[in-house]
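Undergrad: Structure incoming, see below.
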Amino acid sequence: MGNGGSLCNNIGLKRQLTILVVGLDNSGKTSMSRALVGETLTDTVPTIGFSKFVTKQKGITINIYDLGGSSRIRDIWHNYFAECYGVVYVVDASDSQRLSEAHENLSSLMKHPILKGKPLLLLANKQDHFDALDEVDVADKLQLELLANVCQTPTRIEICCATQGTGKNIDPIIRIGFHWLVETIVRNFDKIDRRVTNDIASQKAKEDKEKDSRRARIERLKALQNEVEETVTQICVDPLNGIKNHFQPLEEITEEWNLPGSISETDRPQCMESPSGLTDLMSQAQIDQTEDLNGSEMTESGHIQNDFRGTISAPSEMTGSSSVRVPVLSRNDQVSSASPTAKKLNQRSNGKPLPPLTKNGKLSKQ
Ligand SMILES: Nc1nc2c(ncn2[C@@H]2O[C@H](COP(=O)(O)OP(=O)(O)OP(=O)(O)O)[C@@H](O)[C@H]2O)c(=O)[nH]1
Ligand SMILES: [Mg+2]
């Protein structure tokens, strides 16, 4: 049996693994991944999030997750660690200015508990640039040997040029390096696979827990919102017509009477014609309601409950007085139909009986 056969035996029925391609932005990760799967290399743009590539090697399906390297995207890399069996780290060997940043980044990756010890291929890319550092210098700048020992990580470094060609024309060093990575993973498959299975399960449990607490937070917010809306409805409901509040601008109220389809001029109560008329109506309403509350006009069922939940001061320009106490009606409140206010309201509704207030304090449609 050839090498391919033994690789497949090791990996069992799964025959599938995931490799992460990471490194700083502009290092050549997407170019390298594309070259590996035989895609065209033109029009490479910075990766936002990640790109997935799939290739096969000796009967094993390999999912390549090419993660964007910009600093903001690096913050989400950890979300992909759990399912990772091995890592390709790409460095722009021609950009010596950024090698210390690359070292910091590589060090935190290799020390991450989920990645620690998983096989690593380091590609010192862009070797076609005249000033590119070779593998000895890159390894030195990245302190690769030290990191590999500290983290007990099987590590290999290669120099390459990702843009040299794609598919069959790919830089052969990339293929050799990739082949080493897959072989190393497969040789340690049982151990790595156990870690991957456990890490995926605990990541899922963590995500489920976060989802639950997010859902609970949203429900709490919704309940709070409903409570606020209910309170606002109760405060804004007008005991006179059940819809408007006392603080609606007078221009709006008078404009409404002139709208097409509104009550005709002859049906319109005199008191609504001018602000002073409105003031009269409001003052009268206040007297009526006080009378009702005193029981003078209480009907059998005791319509208005003595339930002042708050005192609202109407603006003095509306009322002519410094403040007016406005009752906040409870859900079951009704205005006595015998009260003068009700009579005035009947006038406004063409003599039809006043509908009872609905749950939210508005007049029900009858
Ligand atoms: N000269 C040269 N240019 C390269 C090489 N590899 C990649 N490039 C160029 O470098 C630029 C960035 O390449 P990408 O493959 O998009 O880099 P990346 O690491 O995926 O970048 P992000 O997605 O932003 O993280 C592109 O213009 C590539 O054409 C190489 O080996 N030599
Ligand atoms: Mg990219």
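Including glycine, each Cβ sits where the backbone N, Cα and C put it.
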Undergrad: Please state which member of GLY69, GLY86, GLY167, GLY177 TrEMBL lists alongside GLY23, LEU24, ASP25, ASN26, SER27, GLY28, LYS29, THR30, ASN125, LYS126, GLN127, ASP128 for binding GTP.
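TA: Of GLY69, GLY86, GLY167, GLY177, GLY69 joins GLY23, LEU24, ASP25, ASN26, SER27, GLY28, LYS29, THR30, ASN125, LYS126, GLN127, ASP128 in the GTP site that TrEMBL records.
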Undergrad: Please list the binding-site residues from LYS29, THR47, ASP128 whose Cβ falls under 6 Å of any atom in ligand 2.
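TA: Those binding-site residues that pass the cut-off, since their Cβ is under 6 Å from ligand 2, are LYS29, THR47.
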Undergrad: Check the binding-site residues LYS29, LYS126 for other C-beta atoms within 10 angstroms of each C-beta and report the one with the most.
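TA: Its Cβ has the most other Cβ atoms within 10 Å: LYS29.
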Undergrad: In sequence order, which residues at least six apart in the same chain have a CB under 8 Å from the CB of SER27 (GTP binding site)?
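TA: In sequence order, the residues whose Cβ lies under 8 Å from that of SER27 (GTP binding site) (at least 6 apart) are GLY69, VAL90, VAL91, ASP92, ASP95, ALA102, ASN125.
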Undergrad: Just checking, which of ASP25, ASP128 (binding-site residues) has the fewest C-beta atoms within 10 Å of its C-beta?
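TA: Selected from the binding-site residues ASP25, ASP128 on minimum Cβ neighbours within 10 Å: ASP128.
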Undergrad: Pop the Cα-Cα gap between ASP25 (GTP binding site) and THR47 (Mg(2+) binding site) into the table, whole Å please.
TA: 8
Undergrad: Taking only same-chain residues 6+ apart in sequence, whose CB is under 8 Å from that of THR30 (Mg(2+) binding site), what do you get?
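TA: Listed in sequence order, they are THR44, THR47, SER51, ASP66.
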Undergrad: For ASP25 (GTP binding site), which DSSP three-state class applies?
TA: coil
